[in-house]
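A quick write-up on the structure given underneath.
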Amino acid sequence: MRLPNLTLLVWAATSVGLVSALPQVSYKADATASAPTVKLHQGTVRGLADDNYGLEQFFGIPYAKPPVGSLRFAKPQPLGPASSHKTVIDATRFGDICMQTVAPSPLYNMSEDCLNLNVVRPKGTTAKDKLPVLVWIYGGAFRQGSTPIYNASELVQKSVEIGKPIVFVAISYRVGPFGFIGGSEIADSDSATSNAGLYDQRLGLKWIRHNIGKFGGDKNRVTLFGQSAGAMSIALQNFAYDGNNHGLWHAAIMNSGGIAPGPLLTPKHPTVEQSFKRLANGVGCTGGSLLRCLRKANASEVQTVASNLTAQAGGTFPIPGALAWLPLVDYELITNYPSVNLPQGKLADIPVIQGNALDEGTSFAQKQLNSSADFERWVRSAAVIHNTSYTEQALQKVFELYPDVPEQGSPFYNAETATSAATTSDLNSRQYPPLTSNQYKRSAAFFGDFTFQAQRRTYLKAATLGWKKNKAKVWSYEFQQNDKFANGTGSLLGPYHGADVKYYFIRPDGRQKDPVLADRMPRAYISFVYHHDPTVLGGFEWPPYGKGKKLLQMKGDNTTVIEDAYRKEAMDALTNRKAAKVFGF
């Protein structure tokens, strides 16, 4: 099946966990009295025991009212108490996943009634234990994603093995137009929001604060954990309400995601307005209140039209599909642009780990660009959100600092080690035809920096400069491990976006994992969950980012500390104050 370039963003961000779902869905519930149960105000939750890993799992626990009918596109509403003290919630199977382009497996049902979460704890955990809590926010470009595809069994088991047991929670939230729809009618409505998906996450965190103690978790030791759009969600949550997280979480791990999902728009931006109207027209809404009509439309039809809008964007990133369903600056939850609020210190002051893969852009780079003129047209359509007097100067700096020089493109040079395959800058070494294009490597470098690397640096700059208040320590890394297949070769994309996921979730994908890194990464994360310091249990050097801007190079037998100085001039050109306005940062 040939996918349009833009939809690759969705598939790459979600497919990293597809295979990992299978071990979980094979679990069988213990229907006897020995099945684990937890009493909540909404009923008694009955889970299942997993003797293979020594865990107890509770799947599909509702945390909000179903967002259907008049609640479609609205902020999530909390659940009330159970109607009867005999109410039993069957948590032995996954809940429905949220509406999206395609379900990751036919084993999962997709519906709007998807606001549920999963809890995994060590076997025998009681309310007296008060274990630290790790909360997973999935990625998927804000258009895909679900909790079942991430199997945390080994991670929780690892925590038990090293004597630092944790409770793991995964929150489901709305994506696509159901979670991130804009338009003037949405912005002007008292009953709808452009950031329903972010509000879902926050209500899920409120549920955790009120209920996780019953599962043996400590509500005062909650760490958020996310990758890609999940990491971006966490950054936005740290940034939301002018940096007020209301004590719902206390630390964060953000892998391959920064303060913004590329450009940030407002609900009334012409691109967003166009997407709203095209969605409404696509389901037959042409007059009167389009919002009211959209709420009455069949959910599957809404999703189909939304998916088609994205696909129709073809090879031009973004517009209209790619920017159609993203978090927006709504001036309520997201009160202003990062370039405005961060210098004022409006960021949650909590410990953070934040990092990227070496070649973040290779999964998304444009394969149809044949010349510098093509590249420049693509960047103009991709990056310019607000035309200002600085627009042309900003673009010329981009063209200059991301040159038509293959040696400076991505995949970037990456030296071979005993467990990590090499990536060279020689075009002739690329075995997959699109990767032999100068413009492919150029666009991969630009996209990776524009969407991921520059956003990471923006966040870390705000967190470490201590603008007005920030004092918590932060750590950063770059994942450079290019795992080898049985024949000794690695991915032709280099250490690509999502290549690190199998180091903390189960994902049998036919490649070898470096055993040292496979122990070190989860150990560092568990250490961070317990101590807000990744080195306490790790036994290796990893200094805080700080003024020295130090990164941990994660690379099998060559894990070492490096300086975060690569492509500095180029990324500064993307994020300086004048450029930030042009590019919507």
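FYI, residue positions are counted from 1 along the chain as it appears here.
In case you wondered, yes, glycine gets a Cβ from its N, Cα and C as well.
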Among CYS114, CYS285, find the residue that Swiss-Prot gives as the disulfide bond partner of CYS98.
CYS114
Quick check: of the glycosylation sites listed here (ASN109, ASN151, ASN308, ASN387), which one has the Cα closest to that of CYS293 (disulfide bond)?
ASN308
Quick note, CYS114 (disulfide bond): same-chain residues at least 6 apart with CB under 8 Å of its CB -> GLY95, ASP96, ILE97, CYS98, MET99, SER172, ARG174
Distance between ASN298 (N-linked glycosylation site) and SER228 (active site, acyl-ester intermediate) at the Cα atoms, whole Å?
30
Among ASN387, ASN558, which are glycosylation sites, the residue with the most C-beta atoms within 10 angstroms of its C-beta:
ASN558
Same-chain residues six or more away whose CB lies under 8 A from the CB of GLU360 (active site, charge relay system)?
SER256, SER410, PHE447, GLY448, ASP449, THR451, PHE452, GLN453, TYR496, HIS497
From the Cα of ASN558 (N-linked glycosylation site) across to the Cα of ASN487 (N-linked glycosylation site), what is the distance in angstrom?
21
Nearest of the glycosylation sites to ASN308 (N-linked glycosylation site) by CA-CA distance, picking from ASN109, ASN370, ASN558?
ASN109
Integer Cα-Cα distance in angstrom, ASN558 (N-linked glycosylation site) to SER228 (active site, acyl-ester intermediate)
25
